[in-house]
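> Shown below is the structure under consideration.
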Amino acid sequence: MKFALYGAVAMATAMTAFAPAVAAAQELVLSIGSRGYGGMVERNIEAFEAANPDTSVEWLKVSDVPGDSRKLYVTGLTAKSPTPDVFAIDVIWAGEFAQRGWLEPLNDYLGEETIAAYNPSFLSAATVEDKVFAAPLYVDGTHLFYRSDLLEKYGIAVPKTWEEVISASKIVMEGEGNPQLYGFVSMWAKIEGLFMNWLSFINGNGASFFDADGNVAVNSPEAIAATQTMVDMLYEDRIVPDSILTMRPDDARTLFQQGRAVFLMVQDFVHAPLSAEDSPVAGKFDFTRNPYFEGHEDAHSTAMGGWLLAVNANSEHKEEAAKLVEYFTSYAAQLAAAIDENRAPGRTDVYAAPEMTEAALIQKFGEDYAVGVVRPSAITGSLYPRVSEVMQTEVTNALHRQKTVEEALNDAAAEVNSILGK
Amino acid sequence: MSRTMSLERRTALTGIGFVTPTILIIALILIYPIIQSVVLSFGQSSIDGSQPYQFVGLKHYAALMGDGRFWNALGVTFTFTALSIPLELGLGIGLALLMNESFKGKGLARLAVLFPWALPTALNTLIWRWMYNSDYGLFNGIALQSGLVDRPINFLGDEILAMGSMVVVAVWKTSSFMALIILAGLQSIPRDLFEAGRMDGMSKWQEFTQITLPLLKGPILVALIIRSMDALRTFELPFNLTDGGPVNATESLSLYAYKVIFDFLDFNFGAAVVVVQFLVIFAMSLIYVFALQNKD
């Protein structure tokens, strides 16, 4: 009966996708996005093969669109395919995959010292019942990008709090008198990124998804106040365009790049296009950690995303697979990825490397990640996609003023509790 | 006598021999998944194999009935179908009549009409998404520069506008498909019927309502059924244009089923959604067939 679940199409897809791997069972199959980790993949594979002559690694290139590669993995893992042996997973999948028994715990392979070197916030997303199920490859979280030239022009210091962001936006918008210029843009479309965004806001006000006792706390007074600020930025302060409600990361990036926004809050991958030679804002912008609310200086408010490497629980070469994970996430490999590919390391000790003093950009990313917050994916496990969907829907309801913030978050709390069976 | 029987039997056997592979393939790729979907929808299981299949009867259907999001998706699907099909049919008949006339550049006109239909929906939708964009889209650019509006219109960010925008894309793309089927019907109407009508002093309008339309009933029915089935299972359009948003204002049944199955990995509940959708489409087709046949 279990077979019934996969369906003919799913099986066919899985078999096509994994067929080459099955044919050559002697080698490891590593599955990772074709662009995501840049030139590091091939370099690392070559070096790994040189150091381990009896193991060869085949690179199965998968889509860089997380939803697409997730579908591919899920199909294969459901069918208990032994390949890919090692695969790159989005930070929010780790809890779910681990709970479904698809990942091999790495504690025995990696050793305590290595595990202690990982960014603790980031690692918590890959830790289920005290076992580590994946190793951080790189971090890609959100930051507050700002137009340094405009702030300078109006004599405004780089804002640290949301209150300062709002007042700075108003000063610049008024001063410039350009109806095409907005204060703040970000990804507030009903996507995963909205949930990240919202977590930044509420954590910046001292709230969090679960309270200290593990209860759902999405409708705490602090969370409601922070969410209300989002709504007010849109309708009261009017520093945010209506179109933010359909913006994905790249839409927001485009607007900022066209010089039409003072602030932008998205993931660090936008730094490269924004600073490209033909970018109108090149040299006119900088970034800082995500803001917090007044009185919450210690708040962890930088929403962290990024990728991990995990070992397939059905792999026939777990030992070698774990070795490959260790190699890819090693100090040397992460240092090289930081210097050459601008990938923010998932190991905190890499930032202290002497070579890194030159890599000012990555250093700065790293400072922000020290105050990072991850999504509650490790705790919610296989229910995470539904929890995230509820939060996206209810926050959207509030942003569209379909419900008051309080109603929306109360409904969200009730729904999340019912999903989690509380 | 026995010789004829054996010839008949031989013919029959040959026939069966030819048909069998087709039936087997259809059974494998069409009937098997349908049965599996129904079986799945009556049970509970876990895709990681930790929980074996267990029959739970109508549990998922009962849950569906109390699921606001399902009713929303059903409403969205019906609204979308009810808005787009009449528009497509009207425009399709108009286009077909136009293409049936002989005029200079007719070939080019036919090509132009077919163009939207020939492009993949996903691609169409991406183009439209850019045109609708409120910050750098074509429509807002024109509206703002000509002074029609002083704030950009958020086509895809407003519940009602988003549905309207989706209908426009559907009508733009699929009217030509309606036109094509109706044109084929038009061309099968014997010319002498019109000549006879003209001799009886029929006006152009009478010709249309009394000769053309009644004879087009068959093709119109086919076009309606095919397009309604398409509209009732529309997926790529909201998936690429709005992802079901804002809130869930454009989330069709297919999109909801897709999210339940592939994002939440809840195959059983997803199967129930799909089965209900199948029944809706089936019922809709029956209604069309009866409604249009009874008038004969």
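Backbone N, Cα and C define each Cβ position, glycine as well.
Relevant sequence annotations retrieved from TrEMBL are reproduced here:
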type	residues	note
TRANSMEM	B:12-35	transmembrane segment
TRANSMEM	B:73-99	transmembrane segment
DOMAIN	B:74-288	domain 'ABC transmembrane type-1'
TRANSMEM	B:111-131	transmembrane segment
TRANSMEM	B:160-186	transmembrane segment
TRANSMEM	B:207-226	transmembrane segment
TRANSMEM	B:269-291	transmembrane segment
> Should anything in the same chain at least six residues away from the transmembrane segment (B:160-186) have a Cβ under 8 Å from its Cβ atoms, list it; otherwise answer none.
76, 79-80, 83-84, 87-89, 91-97, 99-100, 113-117, 119, 121, 124-125, 128, 132, 153-154, 212, 215-216, 218-220, 222-223, 226-227, 230-231, 234, 237-238, 241-242, 245-246, 249-250
> For the transmembrane segment (B:207-226), give me same-chain residues lying six or more residues beyond its boundaries with a C-beta closer than 8 angstroms to one of its C-beta atoms, as numbers and ranges.
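For the transmembrane segment (B:207-226), the sequence-distant neighbours (Cβ-Cβ under 8 Å, at least 6 residues beyond its ends) are 85, 89, 92-93, 97, 177-178, 181-182, 184-186, 189, 193-194, 197-198, 285, 288-289, 292, 295.
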> Using a Cβ cut-off of under 8 Å, list the residues of the same chain at least 6 residues beyond the transmembrane segment (B:12-35) that approach it.
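For the transmembrane segment (B:12-35), the far contacts come to 278.
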